[in-house]
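Here is what TrEMBL says about this protein:
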{"type": "COMPBIAS", "residues": "329-339", "note": "compositional bias 'Pro residues'"}
{"type": "DOMAIN", "residues": "32-141", "note": "domain 'Plastocyanin-like'"}
{"type": "DOMAIN", "residues": "154-324", "note": "domain 'Plastocyanin-like'"}
{"type": "DOMAIN", "residues": "423-549", "note": "domain 'Plastocyanin-like'"}
{"type": "REGION", "residues": "325-345", "note": "region 'Disordered'"}
{"type": "SIGNAL", "residues": "1-18", "note": "signal peptide"}
Amino acid sequence: MGVWWIVVVALLAHTASAAVREYHWEVEYKFGFPDCKEGMVMAVNGQFPGPTIHALAGDTIVVHLTNKLATEGLVIHWHGIRQLGSPWADGAAGVTQCAITPGETFTYKFTVDKPGTHFYHGHYGMQRSAGLYGSLIIDAAKGKIEPLRYDGEFNLLLSDWWHESVLSQELGLSAKPMRWIGEAQSILINGRGQFKCSLAAQFSNATAQFSNTSLPMCKFKKGDQCAPQRLHVEPNKTYRIRLASTTGLASLNFAVQGHKLVVVEADGNYITPFATSDVDIYSGESYSVLLTTDQDPSQNYWISVGVRGRKPKTPPALTVLHYVTAPSSQPPSSPPPETPRWNDFDRSRNFSKRIFSAMGSPPPPRKFKKRLILLNTQNMIDGATKWALNNVSLVVPATPYLGSVKYKLRRGFDRKSPPTTFPMDYDIMNPPRNRNTTKGNGIYVFPFNVTVDVILQNANGLDANASEIHPWHLHGHDFWVLGYGEGKFRPGIDEKTYNLKNPPLRNTVALYPYGWTALRFVTDNPGVWFFHCHIEPHLHMGMGVVFAEGLNRIGKVPDEALGCGLTKQFLMNRNNP
């Protein structure tokens, strides 16, 4: 009885401290000026980016989402939220739910279980690139003390922006031959960038890689939507800067002129702090950095966000760190920080290898039960360019996987598992000898509560000397990043290099050119979960797989999530026998 009473008291205390945060959102297109050029953006309640959600760990989030788009479906993925007990609320069209049809409302309800820097975004077609995103910030639960000390904080959501509509981009990606989307016109900070003008035009060389001095100096009027948001700081204080990248394509580098950054959080998990002059951040990643305002308080300083991993045809995004003791109209006295060379991949790998879990973080299991080795290739299908894993290019079916496995609908997808490895004699350094691939919608099914290793293996694309960075994101889980390697993964050998002492917990990880990345997770979250490259066009072209686990433990799924495909008729028959 005593133990039972303690459990009851603990549950009541949790219920008393946790809150329900309820929102009513409408999504529609509106005209905006993200980079000083008018274009269509996807807005939530008229806002671009969408409203920031602030909550405490343990809170329940309820979002009533109404689709006011005239001709498109809609979902929202809550990036970084594990959806423990609510897999149907993950917001992945075709995987965990049907797309919300125009005029309809769908309610997401889920619990945020731990503090961290996260965001949300569209996960239907390429709506993330159209501007459907916003921040989701979770602070420590009431009564809990966060292991970070700072005097104030800023939240910077980073994205890239095209002037061509995403519907046109999607059409081009599916065309024969493919019409590539090209590099973005602008990089945005909190939805604001500059295309027609330059903040740094008074300098002869704004950055080493992209000089934008041919553009006129920016002159903003009050209320201009593209005017940069300055960060106003006091001298001799420490500030937390939350960074999250929802880019469709670009890998980015963040730097603050003259200031060191101490990285303390990655993807919602505390890490062993380390100091750096700049931060590489890939699509889908989030970080917190601490910045101390210990420079000349009579000056202002550039904040720069430049392109990494791709030849930078997009100018850096700039804003200003404004010391309140300096004149607000005074520009920094020297050029912005130089973005590191775009193809210095050794530098990129070295940054990733500096990230270790914080003391007290859960260690990974020592051994794995299941292992997948996934070869990432670029191929062709009947003249269309595709991306594939182990020579299968994913095509998500019309019936959401979650409905098919929950209600045992055999025809919802191919029940044959995709390949778990690839021929070890495959030449990753050159274009594929077999340029063709096949479409598929099979999934990997795992028992509940087993340890799974995934080895991501990069290779050359269809063209010579073409291997790219791919940031991979797993829904429903954090995973341990066990290591990175160059060349081809060697089973039985490269496992000896794994970091099993303090690997970081992440939900997104970089796969570097001509190399491999090893990660480990536990199948402790019943549901069906997307695992995919977070680059929008790559996912659109088939670069993803689906994991299913603990299928007999999946709880009740709201009928509203599954009113399409085969589940629609199943639910009608069940509810009207």
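From the backbone N, Cα and C atoms, a Cβ is placed for every residue, glycine too.
Remark: secondary structure over the domain 'Plastocyanin-like' (423-549) totals 9 helix, 54 strand, 64 coil, with classes taken from DSSP.
Shown for the domain 'Plastocyanin-like' (32-141): DSSP residue counts in helix, strand and coil, namely 3 helix, 49 strand, 58 coil. Averaged over the domain 'Plastocyanin-like' (32-141), the predicted model has a pLDDT of 97. Summarised by DSSP class, the composition of the region 'Disordered' (325-345) is 1 helix, 0 strand, 20 coil.
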